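**Student:** Dropping the structure in here first, questions after.
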Amino acid sequence: MVPEYSRFYNILGYNFKDYTLLIRALTHRSKTKKNYERLEFLGDSVLSFVIAEVLYKQFIDLAEGKLSQLRSKLVKGATLAQLASSLKMDEYIILGASEQGGHKREKILEDVFEAVIGAIYLDSDFATVKKVILKWYQPIISSINLDTIKVKDSKSKLQEILLQNALSLPEYSIETIDGKDHEQQFTVVAVSKDLNLRVKAQGTSRKKAEQKTAEKMIEMLSQQGLHEKK
């Protein structure tokens, strides 16, 4: 065990055999080309499957659509960032000079959380990483209130409105990215060809900007008499 990471291992509930995997998982691209991005990709898939499986087994009467909404809620940025902070990951993130001050940035915390999962998977096996993930998520999963999944995010709600009215889904694209790496502002444009609508909004991440864009389009559809059918 590397001494400076012994406390972190205890917090994670996992001891790395190959600590270089953990270093890679904590390293932002601003520091070096050997960063967490590939591990993040792997961890995202592992996490999504583990959460999907536990929800499938725990909520046996829940329909597929509701399971998808609940999984989305559990693996979205805010939840991952909160878990990363509770596990003190922000204290160990390795950033380059251009990203100093970004330890608390939600997108970075989200990415590192997924990267650490990917690193644990490569360092051990699926059964082990699943056990670790479920330990981290236990307080959240045990307190799930099924009523909360009735609340859809704006993109999902917009999608349902359009599909219910036999309209094609909007196309989202990034128009601009402004600001320094740790305080970027994304401008996203959503286009509905069927309705000849073009809407834009800003957010501190692409996901947030897309949600705000969807909110605006929902408001415009409402003015035209298009609402979600219950």
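Backbone N, Cα and C define each Cβ position, glycine as well.
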**Student:** Same Mg(2+) site as Asp111, Glu114 according to Swiss-Prot: which of Glu37, Glu40, Glu183?
**Tutor:** Glu40
**Student:** Within 10 Å of the Cβ of Glu40 (Mg(2+) binding site), how many other Cβ atoms can you find? Include all protein chains, please.
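**Tutor:** Taking all protein chains shown, Glu40 (Mg(2+) binding site) has 20 Cβ neighbours within 10 Å.
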**Student:** DSSP secondary structure for Glu40 (Mg(2+) binding site), reduced to helix/strand/coil, please.
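**Tutor:** Once the DSSP labels are grouped into three classes, Glu40 (Mg(2+) binding site) ends up as helix.
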**Student:** For Asp111 (Mg(2+) binding site) and Asp44 (active site), what Cα-Cα distance in Å is obtained after rounding to a whole number?
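**Tutor:** Pair distance, Cα basis, whole Å: 9 Å.
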**Student:** State the Cα to Cα distance, in Å, between Glu114 (active site) and Glu40 (Mg(2+) binding site), rounded to an integer.
**Tutor:** 5
**Student:** Hey, which of the recorded positions Asp44, Asp111, Glu114 is the loneliest by Cβ count within 10 Å?
**Tutor:** Asp44
